[in-house]
């Protein structure tokens with residue numbers, strides 16, 4: 001019983017450590033900028049307590065403030081006690097250095113700025129490590145898919161199932177069960193990467209997804225189960241069209257949100273840099289924000305930025321402006337940058353050095369996120385490779401073997417049955433490949449954009465490509481069987 005409790009406690013501390021590691025750079029940034037504005041430890045903790053963008057740090061801060069307010073502990077003593085208890089070693093080291101710098105009379109601001117810079121370097125290394133882990137998962141997923149479909153091709157081509165047959169040339173049913181493993185493995189890998197890559201943009205709500213996805217799936221189930229179109233061998237097309245229709249709305253919805261957030265992420269460092277330069281010219285802090293947010297080159301973020309400027313001109317408090325911004329934007333980097341900006345200026349600390357440090361921090365945040373996206377972007381090709389290698393090649397090979405077998409003059413009986421079997425096999429494989437293409441899109445979306453919702457566009461494109469491949473094979477646009485047939489003697 002005690003060992004189970006220890007394991008649970010260790011698991012909890014490990015999870016807390018990961019969360020704190022993610023929030024720590026922003027926590028250090030806030031402390032550094034507020035300290036450079038002249039605020040002491042207690043005031044800084046009071047302000048961080050109200051920042052809900054950093055929930056784990058907020059919880060740790062509330063614990064420290066309770067010791068100060070309820071037990072009358074000195075702020076530095078409370079921080080010294082806290083450094084020995086947090087789950088994150090990095091947080092403990094930071095608090096220890098912060099307290100030591102104050103007690104020794106050292107330059108606290110320089111210490112905080114150096115820790116801020118090193119924390120972003122640490123965050124960049126963590127992101128690179130996460131990309132390497134994702135790379136290993138993607139290669140493992142691709143290898144598994146290729147192996148499964150290669151085994152299916154071999155067994156189907158031989159014409160006997162080695163698991164149940166002695167290996168003679170008698171005709172047996174193809175191993176359709178193998179086709180189920182590809183979608184199952186894709187779903188398993190999608191579960192594996194669930195926590196490995198997260199997005200600043202939340203997933204589309206499940207209720208809204210079901211509203212648009214359920215009707216096409218119900219129609220597909222009815223049509224395939226009733227065999228209404230069985231004579232046309234169109235089940236793969238029916239499934240593909242349904243998947244395209246189901247993916248269309250979430251793909252467009254997420255793409256719109258994603259584009260706005262990317263433009264906002266790119267515009268935020270520019271806005272903060274403009275604010276800094278305007279402040280150097282002698283403008284007031286609020287006027288600097290108004291001047292920077294009235295630019296027209298922020299693309300889809302223009303409306304939001306211009307709204308911030310207009311509300312400041314109308315005299316609306318910055319806290320209310322941020323609440324509105326938080327409802328419209330879900331990008332963490334954008335929100336934390338504006339939250340720090342508004343907190344600094346509303347507290348009267350908008351000096352040039354502080355704003356310059358904030359602009360530098362925002363640029364680092366943007367560059368880290370952009371570099372991670374750029375490193376993950378090539379994995380979009382993996383989804384298309386999957387279709388070309390395992391989808392198109394599988395269908396083409398099976399169709400070619402069928403053509404070769406039909407061209408042999410070894411057996412002259414049961415021609416109708418022999419012509420039906422290849423069509424049935426090709427149709428079943430086509431359905432499996434269409435389903436696999438759709439799941440592959442969701443997997444690639446999670447890898448590259450951090451959200452399953454970001455994969456609907458890839459799913460849509462891969463499904464269309466797969467249906468085009470099936471059509472090319474059925475129409476014999478590419479026919480290896482005819483190439484391999486022996487030339488007829490004249």
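Heads up, the Cβ atoms here are built off N, Cα and C, so glycines get one too.
All TrEMBL annotations are machine predictions without curation.
What TrEMBL says about this one:
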- 27-155: domain 'Type II secretion system protein GspF' (DOMAIN)
- 272-396: domain 'Type II secretion system protein GspF' (DOMAIN)
- 24-45: transmembrane segment (TRANSMEM)
- 95-113: transmembrane segment (TRANSMEM)
- 134-156: transmembrane segment (TRANSMEM)
- 176-193: transmembrane segment (TRANSMEM)
- 209-228: transmembrane segment (TRANSMEM)
- 234-252: transmembrane segment (TRANSMEM)
- 379-398: transmembrane segment (TRANSMEM)
- 425-444: transmembrane segment (TRANSMEM)
- 456-478: transmembrane segment (TRANSMEM)
* Averaged over the domain 'Type II secretion system protein GspF' (272-396), what pLDDT does the prediction give? -> 88
* Asked: Counting by DSSP, what is the helix, strand and coil composition of the domain 'Type II secretion system protein GspF' (27-155)?
  -> 107 helix, 0 strand, 22 coil
* Per the definition of 3+ C-beta pairs under 8 A with sequence separation of 6 or more, do the transmembrane segment (95-113) and the transmembrane segment (134-156) touch? -> no
* Asked: To the transmembrane segment (134-156), which of 24-45, 176-193, 234-252, 379-398, 425-444 is linked by the most Cβ pairs under 8 Å?
  -> 176-193
* Structure fact -> Spatial neighbours of the transmembrane segment (24-45) not adjacent in sequence (6+ beyond its ends, CB under 8 Å) are 51, 53-54, 57, 61, 64-65, 68, 75-76, 79, 88, 90-91, 94, 98, 102, 108-109, 112-113, 115-116, 119-120, 122-123, 336, 340, 343-344, 347-351, 353-354, 357-358, 361, 365
* **Within-chain partners of the transmembrane segment (176-193) [C-beta distance under 8 Å, separation at least 6 from its ends]** => 134, 137, 140-141, 144-145, 148-149, 151-152, 155, 390, 428-429, 432, 435-436, 439-440, 442-443, 446-447, 452
